[in-house]
Amino acid sequence: MDATRTFFGLPNVHNVPLCLTSNLSLFPQRLLQKHTLPLKPAKKHHLVCVRSTKSSDDLEGSRPSTYFSPSLWGDHFLSVSLDRGEFDELEREIETMKPLVKDMLMSSQSSDKEKIRLIHLLVSLGSSYHFDKEIQDILKHSFTKLDDIIVGEDDLETISIMFEVFRLYGHKMSCDAFDRFRGEDGRFKESLAKDVRGMLQLFEVAHLGTPSEDIMDEASSFAQNHLDSWIGGNVSGATPHLLKHIQNSLYIPRYCNIEVLVAREYISYYEQEEGHNKILLKFAKLNFNFCQFHYIQELKTLTKWWKDLDLASKLPYIRDRLVESHLGGLGPYFEPHYSLGRIIVAKIIMTMVVVDDTYDAHATVPEVAVLTECLQRLNIGADDKLPDYLRTVLESVFEVMGEIEQEMRPKGRSYGVKQVLERFKNVAKADKQLTEWARTGDVPSFDEYMKVGLVTAGMDGYAGYCFIGMEDVSEKEAFEWLSSNPLIIQALNVMFRLANDVGTYETEINRGEVANGLNCYMKQYGVTKEEASQELRKIYSNNKKVVMEEFMNSHDHVPRQVLLRCLNFARLFDVMYTEGDGYSEPKGKIEHFMTSLYVHPIPLS
């Protein structure tokens, strides 16, 4: 128990600091919340318990009353026409321009700093994957002489960019490099506030810290305070497009956002930059539109598949979130060559959502027991007494996973499907326990809840979904690494569990699911909801730092492409749970994100 508490970063029960905010978001209140939304007076929320006059048999036999809003998209993508000629032209232009960009990157006339700045720009524009090998070679060589490169460098933006690029590619550049920007009192110098771009870059890289690097927390607070004060003000050297870029970064910092959304916003910003490189800008626009073609084709394929399954009408209690599930595949990898992977991830996510919603939102306790037993066997027995809807659920799981296995077998990648199903068995057993708590109104301790909740987080399964379609990595080696229960996966489980529990708190409590992490924390420590949410944010933040540390420390024995998926999972959580549960209720910010990725191409002129 003590080891568990240490890993979660749990506070002393008698020393829980107060939090006066009424906002339940897992993340600090961002600019848009501070400047555009009126804050309601803080109210104290206490532990929610369910008391019922029903017998235990009645409670176990009760069916929850749950409503999810309909799909925002329906069959929209079936009616979207794609011009194959336009697609081919985009591909030709990209291939024509790639040598030009590569020549810039490999130029012998460029210094190490200039090359690293160019790499940073390519990453920001979403184009770096075209030159991944070249970039890794450049950075591997540059990192060996890092001390010589940064000696005497006193530009905050330059140091911050180098810090970001090296860490993103697995080289742990020391945060001691920022000591040059601190005064004798150990604090960051106030004179830095004049450097708008440097402060913005410092704020972004502050999210790449590890658990032992307190200086990065100081950098984040210092930079954010100054950036906040500039919004709405008249800062010398800050143009309107730069202020808008700052506003976007404060709302969702780069490393709390998925790569393709970062690129979409940065392209618009870079186009307005004076002296931008026209070749790089055009290449980035072509690349984004080329990627978007893939996404739309994937969604056309997925929409037809989902329509043919007809589960949304057969099982009206489930969340009809196909496009949001595709976003769940786009977060881990946005590149065109992972198109098959995204389709597989979206299919499995939707299949798992069907099962999850059956546990959470529809099945009775006896039905849950039968469902769990069938999932352990991975078949429906002749003696199983199943209601029709439950048979539909199970048949859909077996059918979808069977089709994926059959599709991947000729590619020599069916091993992963079996591994994912084995992991899913564990999730099903844990879901059964959560359902029993929910139906009986039991609120376990936070420690007891997390033992089960971390299993239902299922990040080893999510990673497995992604590995199935990654033909550039050894499937067996990737799953063997997963089976070692790496620390990065453990930390991701904590992050997802807490993000989901805070984001879905109101919804779950309203339908009687009192076994929620936030509620359980309130019970164990005798604190209010506001105090509990503050502590869960700290635990979330600590585990995100663990993810970053393990990402860098594992590059010597785990393929970079595997580790990137894990880093990108953490970024996806931040997007999905910025404002509540963006997957279940996407209306608003998530809808806007999806529209920018799936509907509107970038004008080329």
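Heads up, the Cβ atoms here are built off N, Cα and C, so glycines get one too.
Straight from Swiss-Prot, the features:
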BINDING   Asp356, Asp360  Mg(2+) 1 binding site
BINDING   Asp356, Asp360  Mg(2+) 2 binding site
MOTIF     356-360  motif 'DDXXD motif'
BINDING   Asn500, Thr504, Glu508  Mg(2+) 3 binding site
(message) Around Asp360 (Mg(2+) 1 binding site), which of the listed binding-site residues (Asn500, Thr504, Glu508) come within 10 Å, judging by Cα atoms?
(response) Glu508
(request) Show which residues of the chain containing Asn500 (Mg(2+) 3 binding site), separated from it by at least 6 in sequence, have their CB under 8 Å from its CB. (result) Ala457, Tyr577, Asp581
(message) Quick check for the class: what is the C-alpha distance, in angstrom and rounded, between Glu508 (Mg(2+) 3 binding site) and Asp356 (Mg(2+) 1 binding site)?
(response) 13
(request) With an 8 Å cut-off on Cβ-Cβ distance and a minimum sequence separation of at least 6, pull the same-chain contacts of Thr504 (Mg(2+) 3 binding site), or say none. (result) Asn516, Gly580, Asp581, Ser584
(request) Report the DSSP secondary-structure composition of the motif 'DDXXD motif' (356-360) as helix, strand and coil residue counts. (result) 5 helix, 0 strand, 0 coil
(request) Mind giving me a neighbour count for Asp360 (Mg(2+) 1 binding site)? Other Cβ atoms within 10 Å of its Cβ, every protein chain shown. (result) 21
(request) Could you tell me which of these binding-site residues, Asp356, Glu508, has the fewest other Cβ atoms within 10 Å of its Cβ? (result) Asp356
(message) Cβ within 8 Å of the Mg(2+) 3 site centroid (Asn500, Thr504, Glu508 excluded): which residues?
(response) Asp501, Val502, Gly503, Tyr505, Thr507, Glu513, Asn516, Asp581
(message) On the three-state reduction of DSSP, what should I expect for Thr504 (Mg(2+) 3 binding site)?
(response) coil
